[in-house]
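Below is one structure, written out as structure tokens, with a few remarks after it.
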Amino acid sequence: LKSNGILVKLSTNVMIRRKIYDSSAVFISAARRIASPTSTSPRFLSSRSPENELVSNKSSFGSPTRVQKLIASQSDPLLAKEIFDYASQQPNFRHSQSSHLVLILKLGRSKYFNLIDDVLAKHRSSGYPLTGETFTYLIKIYAEANLPEKALRTFYKMLQFNFTPQPKHLNRILEVLVSHRGYLRKAFELFKSARLHGVMPNTRTYNILMQAFCLNDDLSIAYKLFGKMLERDVVPDVESYKILIKGFCRKGQANGAMELLEDMLNKGFVPDRLSYTTLLNSLCRKTQLREAYKLLCRMKLKGCNPDLVHYNTIILGFVREGRAMDARKVLDDMVLNGCSPDSVSYRTMIGGLCGQGMFDEGKKYLREMISKGFSPHFSVCNSLVKGFCGFGKIEEACDVVELVIKNGERLHSETWEMIVPLICKEDESEKIKQFLEDAVKVEITGDTRIVDAGIGLGAYLSSKRQMKRKNVRERSYF
């Protein structure tokens, strides 16, 4: 191919790869854009001899910017590499840094990692200093390709190119390493060697490693790293404390977590909601409910208003320890502080009261729960019905069922199995009779539950119908 008197010698591979273009004319047009950077007329063929037309300046081939655009426009990374190599062979032509970066990205995304090393070598020989941006993208490529070893080597490759890595490069490589099992030790070795090469770890660096060691159940190493931070005047942030607090809580060391929280507060940091949630959970699991409640009360004073999760955590903690009345106090505090209970709050509270035999109190909260628009979980109704039935309070059990049914809920068959046999034995109470008639009207449907649980119900209803007909006949005589 001739263009502007230039003899364009494309390699065999390039000629073959022209097939990816829609037509040969498209490929010729691309070649023309290299050869005629300033011309607007189609002077692709020339009658002049190649010897007279080979010019020894870069403008004869095209500007580096135009070559970079041509490389960037290729969908085939290997073709882009061929164009790059061909341009490199032209007299006095020098690629721009952008061309190197674009080609590295293309090759990396297509997983031609061996060719990347070749491009880097040519970049180095061209006299261009490699920029931090180049290595940033290189690390990103290896991270996306799931290649921690290559990401690690990038750090030392940077040193080979006389480029001092920045903390952001170190951090990104560490993130890649710690995300893979078996690379935590190598990550720690890189961290230790970084200082020897003039790379000063920052707060983010320590946070990455502390998090990794905590997740690896190496809390002691994570805490030592925290101490090293302070020794080296690297200021910890909220994330640093949050990582360690969570680590201590995971190990069941709530007291150590509390000490960290105190240190955090003394240094003027405001813990986030998740830190408080983690610590409250840990204290409740360790049955340190007094400390948990005190912490809940301190939160507002320290600039973090307790939310629904915090209150529910404490309520559950007291309920688990059989302290339903203390849980009730927390629920009352919750409302006074402008935080509305949710269905979980009520379900936990009612379950706790039932567990201590306070079914009447539980029924009050059921009414309140329904009045607030919450649908009670079947376990709530089941606990109350079971409790009232156990004490022979059938009418109270019926009240619970009636509340739930009127709210549009269907009872679990287990609940009916408890209450129906007892109802069938109660012939004297008009309230129970009326309740059963109303319940049957609601529950006798295609997916009914009461039928499944109707032990003795059929005989009961039949006898009532016979009694009703008998009464009608008797009244007809008078």
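Keep in mind that glycine also has a Cβ here, set from the backbone N, Cα and C atoms.
If you look up TrEMBL, you'll see 38-61 marked as region 'Disordered'.
Looking only at the repeat 'PPR' (131-165), the predicted model's pLDDT averages out at 88. Among the features that TrEMBL reports, repeat 'PPR' is placed at 131-165 (among others).
As annotated by TrEMBL, repeat 'PPR' applies to 202-236 (among others).
The repeat 'PPR' annotation in TrEMBL covers 237-271 (among others).
Among the features that TrEMBL reports, repeat 'PPR' is placed at 272-306 (among others). Long-range contacts of the repeat 'PPR' (272-306) within the same chain, counting only residues at least 6 positions beyond its ends with a Cβ under 8 Å from a Cβ of the stretch, are 238, 241-242, 245-246, 248-249, 252, 254, 257-258, 261, 265, 313-314, 316-318, 320-321, 323, 326, 330, 334, 337, 339.
If you look at the repeat 'PPR' (307-341), the same-chain residues 6 or more away from its ends with a CB under 8 A from one of its CBs are 273, 276-277, 280-281, 283-285, 287, 289, 292-293, 296, 299-300, 348-349, 351-353, 355-356, 358, 361, 372. Look at TrEMBL and you will find 307-341 (among others) tagged as repeat 'PPR'.
Residues 308, 311-312, 315-316, 318-319, 322, 324, 327-328, 331, 334, 383-384, 386-388, 391, 393, 396, 399-400, 403-404, 407-409 of the same chain lie 6+ residues outside the repeat 'PPR' (342-376) yet bring a C-beta within less than 8 angstroms of a C-beta in it. Residues annotated as repeat 'PPR' in TrEMBL: 342-376 (among others).
As annotated by TrEMBL, repeat 'PPR' applies to 377-411 (among others). Secondary structure of the repeat 'PPR' (377-411) per DSSP (helix as H, G, I; strand as E, B; remaining residues coil): 26 helix, 0 strand, 9 coil.
Distant neighbours of the repeat 'PPR' (237-271): 203, 206-207, 210-211, 214, 217, 219, 222-223, 226, 229, 278-279, 281-283, 285-286, 288, 291, 295, 302-304; these residues of the same chain sit at least 6 beyond its ends, with a Cβ under 8 Å from one of its Cβ atoms.
Same-chain neighbours of the repeat 'PPR' (131-165): 97, 100-101, 104-105, 108-109, 111, 113, 116, 120, 123-124, 172-173, 175-177, 179-180, 183, 186, 190, 194, 197-199, counting only residues six or more beyond its ends whose CB sits under 8 Å from a CB of the stretch.
The repeat 'PPR' (202-236): residue composition by secondary structure is 26 helix, 0 strand, 9 coil, according to DSSP.
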